[in-house]
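Just below is one structure, and these are the notes that go with it.
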Amino acid sequence: MDLGLAGRRALVTGAGKGIGRSTVLALQAAGAHVVAVSRTQADLDSLVSECPGVETVCVDLADWEATEQALSSVGPVDLLVNNAAVALLQPFLEVTKEAFDMSFNVNLRAVIQVSQIVARGMIARGAPGAIVNVSSQASQRALANHSVYCSTKGALDMLTKMMALELGPHKIRVNAVNPTVVMTSMGRTNWSDPHKAKVMLDRIPLGKFAEVENVVDAILFLLSHRSNMTTGSTLPVDGGFLVT
């Protein structure tokens, strides 16, 4: 199926590992020119080795001024994937200011900032575009020790709807994907304990965690012209977790 991504210019944050890295590879394979953003230069270097032709930007999205400087001259962007995130897990009574600030700065504030930069460019060019925010099932369900993380993702879902409302008249679509646990290398490590995994799997009707390609496929669909009447949606990639 042709997704119409060839020749489009895409920017992906959190591109060094996991979902972001796989999204970069899939977009380039579909013919897009990709700008990969990560705070870790070594990850970007290995990405370029694996995927020559990818443009890279190394910046910590928690730093507003550095992000503005790094992305202000990134050039025209047609497609944006806001994937960068942190998950600092603490019991509610032990939540620290540092964890709160870092989580909201990366998971929400950076989405606003990067999307503003990209959307302003689209509007100035009179060009349509698509933005996908990588959210989580944690936006809609309370999970132990996830007070701050769940809050950032709940806010991201509403931000997605607000962006869709205000950017729609400019022909810019905005959607979110909401995965369950994803079997990235980190996911496999964090959920390697069979007892811990069983507690979550018992709440998933399909009885399995998501693979990275499940999430990437959803992202590419929402970026593509195949979803050109879809905006403001939050698409679960969760095996049915949110229906339980």
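Cβ coordinates are placed from backbone N, Cα and C, and glycine is handled just like the others.
If you look up Swiss-Prot, you'll see TYR149 marked as active site, proton acceptor. Under the heading active site, Swiss-Prot lists LYS153. Residues annotated as NADP(+) binding site in Swiss-Prot, with similarity to another entry given as evidence: 11-39. Among the features that Swiss-Prot reports, substrate binding site is placed at SER136, with the record citing similarity to another entry. Per Swiss-Prot, N-acetylmethionine is recorded for MET1, and the stated evidence type is similarity to another entry. The omega-N-methylarginine feature in Swiss-Prot is assigned to ARG21. What Swiss-Prot records for SER46 is phosphoserine.
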Nearest-integer angstrom distance between the alpha carbons (Cα) of ARG39 (NADP(+) binding site) and the residue listed as 'omega-N-methylarginine': 13
Three-state secondary structure, which DSSP defines for LEU11 (NADP(+) binding site): strand
Recorded positions: ARG39, LYS153 - member with fewest neighbouring CB atoms within 10 Å: ARG39
Proximal residue to ILE19 (NADP(+) binding site) among recorded positions MET1, SER46, SER136, TYR149, LYS153 (C-alpha distance): SER136
Within 10 angstroms of ALA15 (NADP(+) binding site), Cα basis - recorded positions out of MET1, ARG21, SER46, SER136, TYR149, LYS153: ARG21
Most Cβ neighbours inside 10 Å, all chains, among the recorded positions MET1, THR23: THR23
